[in-house]
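Asks: Please read through the structure below; I'll follow up with questions.
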Amino acid sequence: MRADLLIYNISKIYTPIGTKPLCGEDMEKIEEIENAYIAIKDGKILAAGKSPAAISAEREIDAKGMIALPGFVDPHTHVMHYGSRENEMALKLKGYSYIDILKQGGGIHSTVRATREASDEALLQKALKSLEIMLSHGVTTVEVKSGYGLNTEQEIRLLRLMNQLKSLSVVDIVPTFLGAHAIPQEFEENPWRYVEKVINEMLPKVKEEDLAEFCDVFCEEGAFDYEQSKKILEEAKKLGFRLKIHADELTHSKGGELAGILGAISADHLEEVSDEGIDLMKKAGTVAVLLPGVSFFLNRPYADARRLIERGLPVALGTDYNPGTSPTENLQLIMSFAYINMKMRAEEILTAVTLNAACAIDRGDEIGTIEEGKRADIVLVDAPNLDYMMYHFGINHVNTVIKAKGNDVVVIGIK
């Protein structure tokens, strides 16, 4: 057998198996291969198993006893924005509420202003810096949402820039249209006018230019209510978009129920999801994307991961990287939050940031596991075992990232 790249002397491979999201007890079913190798050819995994194997290769990497994991997938981010909001933290510490800050022109509106005013080059450079940080922490595929333009011209601009990122970064980019992220200030007196604008102007234009695979809506009190969210998502579905929902984050907005009724590929946040919402999501095969970075940053309760897993929902994890509620690109930190604060087991967490996260962006056939035929997205981790990586929190355990781009493979040494 002849390979392009051979990774050998791996102490152990940890990987879920398959192409479909895992739920319940299956989330813990991780294949472990000791004293292992991975062979790569034409950007795909040719073979993976126990050493030694009769394989020759043009290039070789000595893993030096490190563990190997599938490349991580971040299924929920807001990478495409400009500016930061650390000044709001200082106000919060002085006792200002989010509404107080919003009335002063802060909150999401300040990010919308900064994003609208930023040049294309400034937005691209900021996004590339964030993607570089994510890659260094083992993330090889990233979902990126629009949502800081909030008018047709700006939302289309952000999506076009996301598509430019695909050729500028080694990280794979999956764009999502989130024109319904917030009600723009100019439409606050009549939010339905903005809903009509999203439906009649934005969605057809996004589809015409093939700028995004998914349509997302922030279904929440103070953003888009159930009926508004339902209307936008129904129209998006008619146009052929796959659906995502920011659901039940701060209140029981019935976003979970809506995700199940409309067959959304994922429902994200879910801190306040109902049993009915869970059951409808389970029936629809919707992936629950949990975002503990938000709970940590806002000092709010975490989503009940154990409840969701035990009721049979496939759970994924993401950073929700954004400047207002989760300003971190570090998915490893999110994994530790899930381990420590959400009582998820190490094997469940690995599934949640690999296969299930891939399925939350419709990539389960291509990535998320170390198996023959899957894309060669692999991370070498300097840790004695899987639990140690989440137990020893706050540092980067990734030593090397192996990333397929087409038929080629890029090797990025982190340490």
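A Cβ is built for glycine as well, from the same backbone N, Cα and C atoms used for every other residue.
Residues or ranges marked as Zn(2+) binding site by Swiss-Prot on the basis of sequence analysis: His76, His78, His246, Asp320. Swiss-Prot lists His76, His78, His246, Asp320 with the feature Fe(3+) binding site, giving sequence analysis as the kind of evidence. Taken from Swiss-Prot, the feature 4-imidazolone-5-propanoate binding site applies to Arg85, Tyr148, His181, Glu249, Thr325, supported by sequence analysis. Annotation source Swiss-Prot lists N-formimidoyl-L-glutamate binding site at Tyr148, Asn322, Gly324, citing sequence analysis.
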Asks: Other than its own, how many Cβ atoms are within 10 Å of the Cβ belonging to Asp320 (Zn(2+) binding site)?
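Replies: A count of 28.
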Asks: When you average the Cβ positions of Tyr148, Asn322, Gly324 for the N-formimidoyl-L-glutamate site, which other residues in that chain have a Cβ within 8 Å of that mean position?
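Replies: Other same-chain residues near the N-formimidoyl-L-glutamate site: His78, His81, Arg85, Ile108, Thr111, Gly147, Pro323, Thr325.
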Asks: Roughly how many Å lie between the Cα atoms of Asn322 (N-formimidoyl-L-glutamate binding site) and Arg85 (4-imidazolone-5-propanoate binding site), rounded to a whole value?
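Replies: The Cα atom of Asn322 (N-formimidoyl-L-glutamate binding site) is 10 Å away from the Cα atom of Arg85 (4-imidazolone-5-propanoate binding site).
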Asks: Note down the number of other Cβ atoms within 10 Å of the Cβ of Tyr148 (4-imidazolone-5-propanoate binding site), including every protein chain shown.
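Replies: Cβ-Cβ neighbours of Tyr148 (4-imidazolone-5-propanoate binding site) within 10 Å number 28.
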Asks: Would you mind checking how many other C-beta atoms are within 10 angstroms of the C-beta on His181 (4-imidazolone-5-propanoate binding site)?
Replies: 25
Asks: Count the Cβ atoms, other than its own, that fall within 10 Å of the Cβ of Asn322 (N-formimidoyl-L-glutamate binding site), considering every protein chain shown.
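Replies: Taking every protein chain into account, the count is 25.
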Asks: What subset of the binding-site residues His76, Tyr148, His181, His246, Glu249 lies within 10 angstroms of Gly324 (N-formimidoyl-L-glutamate binding site) at the C-alpha level?
Replies: none
Asks: Spatial neighbours of His246 (Zn(2+) binding site) among the binding-site residues Arg85, Tyr148, His181, Thr325, defined as Cα within 10 A: which are they?
Replies: His181
Asks: Is any of the binding-site residues His76, His78, Asp320 within 10 Å of Tyr148 (4-imidazolone-5-propanoate binding site) (Cα-Cα), and if so, which, in sequence order?
Replies: His78
Asks: Tally every other Cβ atom lying within 10 Å of the Cβ atom of His78 (Zn(2+) binding site).
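Replies: 24, counting other Cβ atoms within 10 Å of His78 (Zn(2+) binding site).
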Asks: Tally every other Cβ atom lying within 10 Å of the Cβ atom of Thr325 (4-imidazolone-5-propanoate binding site).
Replies: 21
